[in-house]
């Protein structure tokens, strides 16, 4: 009897994932389309020629107008030299998306900031709070080896995880405790015993 | 099928996967009234998976779905969606890897330039983008514009003078130290598995090892964030290796959305192979090179179906990255090469010289880096990871700032070295004297070097020495670090130096025989940019024992043409042969051996004439093999055996006298089943008999009920006889991915050979330290 529901759930999740994928693609496309008009440029590099010094020109011009005659200031160039000067210039049309850059940097810095705050909380604030709440009777966590010293305790652990927890807060607390234990194990393997990732 | 679904709703989905469900064997039909216990069929951390079991489970699952699909349209849709799920997963992996790579690239560019200054109009722009639409860039100084202010300008409002230089220097070192400190603290506090390159561990995971949490979501987040910090701090490391790790994390996390991959470790490893290909594809902009990298370097088993899927994932990732457009010119990599000048046959001699240099560099680097890592592992040095990172960063930053070629980021350095100098370039490296009158700006003849080129050569030589020395100490620190870019930089610098030397020699001595016959006066004969490219390919040489076609393919995809295939291949082959002559192992294999991972090298020949009975346990003077009997042990007996020994599995025999083999049972499954039975089943006590047969043995009345554990017994363990040559045994282990193999003599069980024993034996035969194999 579970089959139709489970199948429905799976189909639903696959569909939602496909929708997510498509929307991500669309977002990327629209980000491209909704360009800032200032995010295009025509860059012309003109090397020195005879007595005219080299120069770089950046102009906010559409692609069809991106050539030497429209972009380069030909005031200082004499009439017969214009053609030779322009032949040496190389004009390229470039686009960018400043919105993408801004959004990316903001996302990155916010994630970094959140992680730093959480790190400060974990390393500095939490021990102080714990010490205030539990006094000086600290529970020292046992240093279990990675091995199987208490095989049946581990099994108990495995089975206990299969029961669902009713209280949400309990769940969060439990998940955080388990995560901390995992990180501690990892830290021991990597930093202390140099067993993995020397 | 319904039991499997019910069991997957019984527990949470975590990134430390619990593959539920029973073993796919023919006894399932008899046991369909019994629910499979959650946790049975999963593996402990730091253990090897059983490839045969996983593959047969997947085949059973597929067979059930196909059989059921004929029953109803719903089941048909289900089977279609099951087949389609693999491709959908690849699409998602490509999208996620591409987006993360775009994030990493854009942030790394911005933060690298943050060490030097800031853009006052749009704080999020790096140096290049700040001056992007500025009208005031000059031809001589392409980087100066009023919107970009260096730190000295912001702090003491002046750009010139010794004091401004000191302020810039100080701020550079300060930012570098800050970034490195943040990186190593985040790694230490949140995800210690995020350090290093990741490729040796991924290689081991793909061969069947389990490292829980290595490809989890915290590792992904921390690796992404700290990779940007590590690259921005100016250290001599790259981001290609960590990008492979990031892509594999994405693959692992996305596997949880699909039942087919979440519960089966073998199928999951196929997905991880494809994800690794996507990772290299976004790192270099080379999808084909990525697939070849996954095939040659990282994957253990690579079926043809995976080839197609990897290619698809790599293409999607490359396309996503291109859409994000991190470099503003629709290129994926910073150093895409666009020249097409021809090369000459006599130039093969300097190319082979570059290959020899690359081989020497590879051998030297592997030896010294492994020695340093071993020192870090065994002495006091390893106790101070944070201080080590800070010291190395300080040294790198202090030595790097004065020289403009070390101050710029390594990718920029490589792209400048790959660049062929034309009329439009005004950098120091392109400061040639122009003594001609032609009006075309394309192919220029060989020109004599100006003063700028000579000073650039000196600076590049110093850069080369600095990079060679500092990379040895940087790779392996407790921050994400990759190896491709620094090696390419070393090779590119050597190549460019040689190229400019050849170019000047061709100009000043154009009457020599070799130059005369191939180079006509006034033609573009030698291209130093090509030498830089060939040098970079040569120095990438020594990753593993096998041929590294993927390097040549990556370089060819970077250059966009087949013109330079012959020089690249010549240099790569030479480099590989020289490095092989000096030392057998590649850098990743050396790290695998250093860490003692149980990685059975799939390509080496085992050429000794030992037999299975020389390797099997127990040895001659050891106690007898610990076995379980099929129906005469009590629960208490079994529990005693489990707590007294640490073996990960036990053979089951008919009786201790006959020692005839019934099957093999895993320790973890036994523990979970017994614990479950004690809780759930009525009447099971310590004196209950455990039986593995089909029917309960005849019991006298008033005895406690028996416990049937046949469903966790593997009824088809692999056996060899004691006189089987070890060549064949090693081959069986490699080809089938076994974890253990039982040894029989005249039909009776004699002993057991595990993968660890095989590895120790190989190490012993190769005169290495057999005690260095740590894990099972």
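FYI, residue positions are counted from 1 along the chain as it appears here.
Any Cβ shown, glycine's included, is placed from N, Cα and C.
Range annotated as transmembrane segment by TrEMBL, chosen from B:384-401, B:402-419, B:420-437, B:438-455: B:384-401. If you take every residue in the domain 'CBS' (B:712-772) and average the pLDDT, you get 88. Counting residues of the domain 'CBS' (B:712-772) by DSSP class, helix then strand then coil, yields 26 helix, 18 strand, 17 coil. Long-range Cβ contacts of the transmembrane segment (B:271-295) within its own chain (Cβ-Cβ under 8 Å, at least 6 residues beyond either end) map to 86, 89-90, 93-94, 97-98, 101, 202, 205-206, 215, 239-240, 243-248, 250-252, 255, 261, 302, 306-307, 309-318, 321, 331-333, 336, 484, 549-551, 553-554, 557-558. Helix first, then strand, then coil: DSSP counts for the domain 'CBS' (B:616-680) stand at 24 helix, 16 strand, 25 coil. Residues 468, 487, 490-491, 494-495, 498-499, 502, 514, 518, 526, 531, 534-535, 537-542, 566-567, 570-579, 581-583, 587 of the same chain lie 6 or more positions beyond the ends of the transmembrane segment (B:345-364) yet place their CB under 8 Å from a CB of it. Same-chain residues lying 6 or more positions outside the transmembrane segment (B:384-401) and placing a CB less than 8 Å from one of its CB atoms are 168-169, 172-173, 176-177, 179-181, 183-185, 188, 233-236, 376, 407, 466, 470, 473-474, 477-479.
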